[in-house]
Amino acid sequence: MSDPTRPARIDERSRNVTEGVMRAPNRSMYYAMGYRETDFSKPMVGVASAHSTITPCNSGLQPLADTVVAALKEAGANPQLFGTPTVSDGIGMGTEGMKYSLVSREVIADSIETCVNGLWQDGVVVIGGCDKNMPGGMMALVRTNVPGIYVYGGTIKPGHYQGRDLNIISVFEAVGEFTAGRLDPVDFKEIEKRACPGSGSCGGMYTANTMSAAFEALGMSLPYSSTMANEDAEKLASAAESARVLVEAIKRGLRPRDIVTREAIENAVSVIMATGGSTNAVLHFLAIAHAAEVPWTIDDFECIRRRVPVIVDMKPSGHYLATDLHQAGGIPQVMKLLLEAGLLHGECVTITGRTIAEVLENVPAAPRADQGVIRTLSDPLYAEGHLAILRGNLSPEGCVAKISGLKNPAITGPARVFDSEDDAMGAIMARRIVEGDVVVIRYEGPKGGPGMREMLAPTSALVGQGLGESVGLITDGRFSGGTWGMVVGHVSPEAFVGGPIALVRDGDSVTIDAHRQLVQLNVGDEELARRAADWTPPSPRYTRGVLAKFAKLTSSASKGAVTDLDL
């Protein structure tokens with residue numbers, strides 16, 4: 001670990017472009033932006049902002065960026081604001097545009113790394129909102145390993161209609177209800193208009209809120225910051241404090257890899273399990289661990305699942321939203337319960353310089369009695385975690401199932417096979433999928449999609465049609481954090497590389513059994529061998545541009561779908 005007592009130069013990196021006779025031209029560029037000679041002894045701190053009017057998840061980030069810039073100046077640093085791209089999962093969902101979502105994780109990580117290292121910045125504040133902003137930013141922080149902190153843009157507040165709280169998943173499920181004749185046109189339109197009342201990331205324990213909670217547990221974001229609403233004043237105050245904390249970290253030489261250790265990742269994943277977080281966290285923490293050079297495998301999630309119960313009652317399968325969790329005590333309250341039970345590593349250091357145990361010292365040992373969001377460990381929603389790693393002849397490298405909230409976590413039924421999400425969605429909307437079917441959506445993996453689209457539209461349509469627990473769905477693609485039901489994703493190896501999912505035929509018997517951690521194609525080995533011999537790899541869907549590059553470089557989902565695994 002970096003020595004927190006060392007008298008380090010706080011411009012240790014930036015002096016490469018500001019110090020000495022040979023750097024006069026470099027300094028001249030800074031003078032053009034209003035720098036003074038005395039500024040060159042201050043740390044240059046990047047502010048990587050994903051502000052955008054593309055999506056409500058990011059449309060409220062500019063005030064946070066402005067606040068961070070001002071606070072950095074007050075703390076004696078030179079803020080250097082730059083932008084990172086974002087892709088809206090909610091807007092791209094169900095279209096070809098969704099293929100760019102996971103790709104954007106890599107683009108975000110690459111863009112931040114490029115600016116931080118290209119400009120010799122001494123530290124960086126990453127400000128993000130939508131789903132892939134989260135892992136992309138954290139991957140960049142641990143790659144560059146300069147002092148850094150993550151500032152989450154904050155959650156959206158709930159919408160309201162007829163006495164019911166709404167969020168974006170309400171609209172996706174309303175599509176299924178409407179097509180099934182269970183929702184009239186007026187109510188359908190009102191839900192569409194009222195679900196998202198302002199700025200902030202999708203409000204349940206979906207992917208963005210899952211990752212923000214995990215970053216708080218990881219020690220890379222400030223306490224309580226992950227559940228604050230974007231539009232509330234406390235979010236601005238937290239952003240300013242984040243800037244001040246980062247400057248102190250620069251002075252101490254405290255770096256991301258001092259914080260993001262194997263034990264810290266175990267803490268983060270424990271919180272993901274306890275809060276009922278998104279399946280995407282499996283993919284993203286494989287990628288973050290890879291970037292941090294921390295040994296971590298898909299089986300490590302399973303080890304933690306077996307010892308950590310679900311104690312937070314959050315949507316999509318539960319009842320509450322992130323704003324409710326914040327009012328109930330936020331992630332520190334959840335972490336305190338886990339720490340008291342011996343389920344967290346209290347010695348892990350955080351960006352504040354304090355340990356997890358020190359940060360949680362004054363948090364109550366028990367949740368308040370006047371709230372229903374956070375349970376005790378003696379009265380959990382589920383005795384074990386909800387993200388199960390399944391294996392079988394259909395997915396020998398492993399796949400991910402979200403098993404919370406299911407009355408019967410096992411199904412055996414006939415396969416209904418589709419070679420794209422679009423074909424599957426057409427069949428669902430035409431009511432051709434019936435109770436007992438197992439929908440198989442393939443050629444949607446990291447290479448085959450490419451980009452591993454999220455299957456939120458088909459899963460939500462099934463839920464809306466009343467088939468969420470009576471129809472299984474298996475895919476080499478991903479799921480949104482808002483997905484629930486009998487669903488299995490990240491099937492590896494994927495169809496595009498000849499994985500067993502490519503061999504499934506319509507009508508084959510398929511079993512999903514979460515209790516046995518099994519995903520099985522009930523076809524004999526000899527028949528599967530014949531099918532494998534007859535299988536031919538498909539042509540790439542893209543041969544130019546960023547999707548083609550991603551398809552060429554990406555690893556298996558079981559390794560995090562990273563693009564620099566074998567370089």
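All positions are counted from 1 along the displayed chain.
Each Cβ is built from the backbone N, Cα and C atoms, and glycine gets one as well.
Its Cβ taken as reference, C57 ([2Fe-2S] cluster binding site) is surrounded by 31 other Cβ atoms within 10 Å in the chains shown. Look at Swiss-Prot and you will find C57, C130, C202 tagged as [2Fe-2S] cluster binding site.
DSSP classifies D89 (Mg(2+) binding site) as helix under the three-state reduction. Over all protein chains present, the Cβ of D89 (Mg(2+) binding site) has 31 other Cβ atoms lying within 10 Å. Marked as Mg(2+) binding site by Swiss-Prot: D89, D131, K132, E454.
For K132, the entry in Swiss-Prot reads N6-carboxylysine. In the three-state DSSP assignment, the secondary structure recorded for K132 (Mg(2+) binding site) is coil. Summarising the environment of K132 (Mg(2+) binding site), the number of other Cβ atoms within 10 Å of its Cβ, over all protein chains shown, is 29.
Note on S480 (active site, proton acceptor): other Cβ atoms within 10 Å of its Cβ, all shown chains, come to 29. Positions annotated as active site, proton acceptor by Swiss-Prot, on the basis of sequence analysis: S480.
DSSP assigns C57 ([2Fe-2S] cluster binding site) to coil in the three-state reduction, outside any helix or strand. Of all Cβ atoms in the shown protein chains, 29 besides its own fall within 10 Å of the Cβ of C130 ([2Fe-2S] cluster binding site). The binding-site residues near S480 (active site, proton acceptor), taking a 10 angstroms Cα-Cα threshold over the set C57, D89, C202, E454, are D89, E454. The separation of D89 (Mg(2+) binding site) from C202 ([2Fe-2S] cluster binding site), Cα to Cα, is 10 Å. A separation of roughly 9 Å, to the nearest angstrom, links the Cα atoms of C57 ([2Fe-2S] cluster binding site) and D131 (Mg(2+) binding site).
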